[in-house]
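Just below is one structure, and these are the notes that go with it.
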Amino acid sequence: MKFAVKKALSSGGARVGVLEVGSCPAPIETPALLLATRKGLPHFISPDLLPSLPSPDSNLLQVSPLHFLEGLSTTTISKIGGLHQMLGLQQHGIAAVPRDSIQCLPESKAATKLGASFETPCGRLLIKPKDYVEMISCMQPNIWASLADEVPAWVSEKRNKTSVDRTLRWLDDCISLYPAAGSIFGAIVGGTNLEERKRCAEEVAKRNVSGYWIGGFGLGEGIDERPALLRAVIDILPDEKPRLTCGLGLPEEILQGIAAGIDLFDSTYIYSLTVGGFALTFSLDNSREQHSLQSDQIGSDLTKINLRATAYRKDMSPILENCTCYTCKNHTKAYINHLLNVHEMLAQILLEIHNTHHFLRFFHVIRTAIRDGSFEEFRQAFLESRREHFKGEAIST
């Protein structure tokens, strides 16, 4: 794995970089999205439909090794030749992170000095560094994050300190147990304690790692707390290495993370939208006029529409007129509404294709804005349109 920063804003942490992953045929520009998967494949998009997504932006997949604790053993995966060979996705990059924010959530109360605890489909499990590294060595991902003791926002200061101590110790264990590992991302935790976050970042920066996984977000902290927490960490980390985070999914949160200097994000937000029957419709133009056009749609909150609504039962238009995704080029809102009402899985397939395509385009627009020096204007226009919408909703009710 190779990473280089191509453009950074002097006024903030937002930056454009290029990530080269061995198995990907072309470099991937950052900020970028990691597609959430279940055992290596997107939840609803089959492998034959993956090429319909924008490439190479869609070539990074996020995997939780804990998913494979049921089904095929890691030894069998190793004999097959690793995840790339097993899944038939030799031209995709795979990033392994223990937490996936959907099914494998950290359970801080059950964590011990021996390992981290997770709520998984197999029940609550204690994962030790040795077991975790064994899974990684069998799966052979391009990028993998070290084991971390993530804690929610409401834990005590003592528990925050303990989580940092454990995470640093487990990082050393991961490095020593798998010294041949290519691209390990050191985990940084500390909850909502600025000093512990800084201490963890300082210590991880001293280790021989290829990048940084900033964990502990999306676990109860306020959105207003995040900028200070992110800046406290990123100000310490070297610029030449990539930064990954999980738990920031909403468009506003993505913009917040990019403004702080994050390069890679997970995409569990897309899964949540798709399961709920929602389609992303927010404007990819930074003008307020474009944002205001979206507010007239039924069930719209300026970012998405609910295609279960009866208003779309006879709507013969695509989700978005100018969208070039497979779903919008071939199907109508009425058809997807029908599929949702009769509980056909094709509804989720078409929605995930559109939502993934639209979110990847969102990242493309952000990268363009950073290059042009207009990222902050784009961000403020987006946030202001959201504020005006919710203000109008409050007045109408």
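Backbone N, Cα and C atoms are what each Cβ position is placed from, and that goes for glycine too.
The domain 'tRNA-guanine(15) transglycosylase-like' annotation in TrEMBL covers 13-387.
Its Cβ placed at the centre, Cys323 (Zn(2+) binding site) has 19 other Cβ atoms within 10 Å. Taken from TrEMBL, the feature Zn(2+) binding site applies to Cys323, Cys325, Cys328, His354.
What surrounds the Zn(2+) site, by Cβ distance within 8 Å of the Cβ centroid and not counting Cys323, Cys325, Cys328, His354, is the set Pro318, Ile319, Leu320, Thr324, Tyr326, Thr327, Lys329, Ile353, His357, His358 from the same chain. In the predicted model, the domain 'tRNA-guanine(15) transglycosylase-like' (13-387) shows an average pLDDT of 90.
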